[in-house]
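Enquirer: Quick one: this structure, given as structure tokens, is what I'll be asking you about.
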């Protein structure tokens, strides 16, 4: 009797594991879209950033009031482990902080000094994406190289979370129905995102279509303020700008307190942030890309006000094609021509993988 029960028990455990995995997949969203907390009202226009320049002359062993703010910042983005329960970050410039600064500088392509030098201050003070740069507080991994021995700066999010819908793949996106701005129309917002999605669609075999069904769309886009229910609060203008979640969540949130711009000719505010540039970056996260250490990349974690960065580098393209493959109709020449400097074009050409070379040869001969 006992022996006959063993196969049944094995099947039951197998079935239970499938059910649990299925439920985990359905419940992986931090909070249902219809329960996100939207705080309407007057836009906050006061930046909440801490002035890290006051630490520019600090070194190992020094102690300056407010140094704990720098440690909290580095902790938030994965460079410092959390403190033991019941203790707080100190104002001491200790070995842990020096190590975290080295990690930060290495991860973001800065000169490694382990100090709060001017280049590092500029980076720390720049508006940025609130997605962590380092996960699980590990040291940044050594950069890989392409087939041409050129450093790969792109990174894939942990677990390679890619969308795997039926082919040809179409991801539908929708906007939160209550998003309202007195200085930006819905049409302008939709146009900026349509252009951002189109940039990624040019290089991978994925189409993007707007839908009005916010709850069922694969990608849900909304503007929110402060703590809005997903565990990653916004902080007012010029701090963290936005964040996004990859498959199977697909939510893309932007800070409603930012001064979003779609045209710097009409919006010349010194704190204006280009909407399309941030949209392209966050869509990269939705598709499975992590932050890049290449400053020219659209996946670099920070961007300054009054800056437009909407052209994919070859590093961005290599990364996204690692996940989805190339778009057979991709126009390589137009992609390269979007880079203005000769040096940038030269860099992009060196990054062309072997598969692209064959595709280009076939296209020229056909």
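Note: Cβ is positioned from N, Cα and C throughout, glycine not excepted.
Take a look at what TrEMBL says about it:
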- 282: active site (ACT_SITE)
- 129, 281, 285, 291, 299: Zn(2+) 2 binding site (BINDING)
- 179, 258: Ca(2+) 1 binding site (BINDING)
- 228, 230, 243, 253: Zn(2+) 1 binding site (BINDING)
- 235, 236, 255, 258: Ca(2+) 3 binding site (BINDING)
- 251: Ca(2+) 2 binding site (BINDING)
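Help me understand the surroundings of these features in the structure.
Expert: Take the CB of residue 282 (active site) and look out to 10 A: across all protein chains shown you find 27 other CB atoms.
In the three-state DSSP scheme, residue 281 (Zn(2+) 2 binding site) is classed as helix. Other Cβ atoms within 10 Å of the Cβ of residue 281 (Zn(2+) 2 binding site), summed over all protein chains shown, number 29.
In the three-state DSSP assignment, the secondary structure recorded for residue 258 (Ca(2+) 1 binding site) is coil. Cβ neighbours within 10 Å of residue 258 (Ca(2+) 1 binding site), excluding its own Cβ and spanning all shown chains: 26.
Within the same chain, residues at least six positions away from residue 243 (Zn(2+) 1 binding site) with a Cβ under 8 Å of its Cβ are 129, 130, 131, 232, 252, 253, 282, 285.
Reduced to three states, the DSSP call for residue 236 (Ca(2+) 3 binding site) is coil.
Using a 10 Å radius centred on the Cβ of residue 251 (Ca(2+) 2 binding site) and all shown protein chains, the other Cβ atoms total 22.
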Enquirer: Measuring Cα to Cα, tell me the gap between residue 228 (Zn(2+) 1 binding site) and residue 179 (Ca(2+) 1 binding site) in whole angstrom.
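Expert: Distance (Cα to Cα, whole Å): 14 Å.
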Enquirer: In the structure shown, with every protein chain counted, which of the binding-site residues 179, 230, 255 has the densest set of Cβ atoms within 10 angstroms of its Cβ?
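Expert: Its Cβ has the most other Cβ atoms within 10 Å: 255.
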Enquirer: Taking the Cβ of residue 291 (Zn(2+) 2 binding site) as centre, how many other Cβ atoms lie within 10 Å?
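Expert: Cβ-Cβ neighbours of residue 291 (Zn(2+) 2 binding site) within 10 Å number 26.
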Enquirer: Let me spell it out: for each of the binding-site residues (129, 299), count the other Cβ atoms within 10 Å of that residue's Cβ, using every protein chain shown. Which one has the most?
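Expert: Going through 129, 299 one by one, the largest Cβ count within 10 Å is at 299.
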Enquirer: By CA distance, which of the binding-site residues (230, 251, 258, 291, 299) lies nearest to residue 236 (Ca(2+) 3 binding site)?
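Expert: Its closest listed neighbour, by Cα, is 258.
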Enquirer: Quick check: of the binding-site residues listed here (235, 258, 281, 299), which one has the Cα closest to that of residue 251 (Ca(2+) 2 binding site)?
Expert: 281
